[in-house]
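Novice: My questions will all concern the structure given below.
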Amino acid sequence: METAPKPGRDVPPKKDKLQTKRKKPRRYWEEETVPTTDGASPGPPCNKKNRELRPQRPKNAHILKKSRISKQPQVPKKPREWKNPESQRSLSGAGLGSSPLPRSKAKTRSRLEVAEAEEEETSIKAARSELLLAEEPGFLEGEDGEDTAKICQADIVEAVDIASAAKHFDLNLRQFGPYRLNYSRTGRHLAFGGRRGHVAALDWVTKKLMCEINVMEAVRDIRFLHSEALLAVAQNRWLHIYDNQGIELHCIRRCDRVTRLEFLPFHFLLATASETGFLTYLDVSVGKIVAALNARAGRLDVMSQNPYNAVIHLGHSNGTVSLWSPAMKEPLAKILCHRGGVRAVAVDSTGTYMATSGLDHQLKIFDLRGTYQPLSTRTLPHGAGHLAFSQRGLLVAGMGDVVNIWAGQGKGSPPSLEQPYLTHRLSGPVHGLQFCPFEDVLGVGHSGGVTSMLVPGAGEPNFDGLESNPYRSRKQRQEWEVKALLEKVPAELICLDPRALAEVDVISLEQGKKERIERLGYDPEAKAPFQPKPKQKGRSSTASLVKRKRKVMDEEHRDKVRQSLQLQQQQQQKEAKAKSTGARPSALDRFVR
């Protein structure tokens, strides 16, 4: 038998007979078992050797057992709070802690988990796809002390392979010049139009002619639309749309006296600048004019687009460059660039740098990341009348019959204007410039025809086959066209910073909250929303929870209304007392409202 412990501070009080529980006697054929912790398996019976190795419990220590009858009043248990085991995870995967979601928002939690999984999978695929981009851009490197600007096109053609040498050609079309040209987004097709009405489109890689017509009218500019099957031609009077067979499809008379054309591929908008000073946006998917903006700066003949945010840059005769969006009737920004009129404007593919040239014979490169300050300036002997950027950041300037090309450190870096990268002299004055996408080719339209130059390091070597595939078939082009129409970006979303579209408009949100408080008479979000406690036996269904929430909300609303009515009554009583204590009533008081 166990001896009773001596009275002390750590000794528990004695139990009643009802609270004590007799220990069941052990039979001689049963083996003694050791109590196990919760959730652990009892295991095999212990031997004497194992019992000696384990720590023994002191004889005078007692373990209190739960009594069936408790003298203390029972406190109701608190409802178990749901804990998120992945509370430290975040949507971006940056490891930021996020507050646990309640049980009622389990669907939101599952959506967040799916979004996190998709983001992680996308990043893994992007890292794997970088291994497949085997092509690297190459540049022209001279020998020790050799200037690359002195290397002529004939030397480059002799040094490259046969396929690359076939990309250099010269079309002698003096009787219909000067020419404006444009490459398709895939870089496979070339369209050019002469001042004397000659319009042609061809697959310049295979030299296969698609169409050739004479519109018997001056052609001021030419542009491919979303695919090589449609062609927009700015003629002397109106804007005309042709297909790849040379058949006229539309004549848009609301766009008259057009001087320059720009097509926004992701918005399906054709921007036109006219002699009358209007900038017009035409939605080619539905055939409607989205906006017609008056620039109030006279004749518009200098226009370029920013491929990053689809903002149109217009050059004016007062030396300023204005930035336009179809959602605004006023320019988004105005930049004072030159002391004379602006002759040419170009923006690189990243939307970071803008190159301008003016009548003051200066070539400037501006930073478009909010500062709009010139980064570098160069004075040219003859002012540059045409500018263009390549996909890898090369800048070309046409000065009379000479073409100068400047190179930088790579894509995303400004070109260095100290020393030209390449120089080429043509047979006539330059009238149009554009780099061919995904090719080291520069197309030049001049008074003597069209010239295709080889510029090593100009094009992006790796193309996205789902976006712009130079080798796509007719069926693939049709499928891509349908997807592009479904993913068309609205014209109202064109702004200077596209990243601002995903942010919350805090000013409008606060204004809406103030209007709601004034309309209701109280702040509904001042008090935390009521969260009903879960009940057992099926009484915590969604319908019952909603009913209980609605009941509490209605009661709170009634209380607020009662309080507001009481305040109104008290105010009316005060006003009545003030009137009664004032001057004597008059007979004319009945006419006062």
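Any Cβ shown, glycine's included, is placed from N, Cα and C.
According to TrEMBL, the protein carries these features:
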type	residues	note
COMPBIAS	7-19	compositional bias 'Basic and acidic residues'
COMPBIAS	56-69	compositional bias 'Basic residues'
COMPBIAS	87-103	compositional bias 'Low complexity'
COMPBIAS	552-562	compositional bias 'Basic and acidic residues'
COMPBIAS	563-573	compositional bias 'Low complexity'
DOMAIN	420-498	domain 'BING4 C-terminal'
REGION	1-121	region 'Disordered'
REGION	518-593	region 'Disordered'
REPEAT	335-369	repeat 'WD'
Novice: Within the domain 'BING4 C-terminal' (420-498), how many residues are helix, strand or coil going by DSSP?
Specialist: 17 helix, 22 strand, 40 coil
Novice: Where DSSP helix means H, G or I and strand means E or B, what are the helix, strand and coil counts for the repeat 'WD' (335-369)?
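Specialist: Per-class counts: 0 helix, 20 strand, 15 coil.
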Novice: Counting each residue once, how many in the compositional bias 'Low complexity' (563-573) are helix, strand and coil under DSSP?
Specialist: 11 helix, 0 strand, 0 coil
Novice: What is the number of residues in the compositional bias 'Basic and acidic residues' (552-562) that are helix, strand and coil, as DSSP sees it?
Specialist: 11 helix, 0 strand, 0 coil
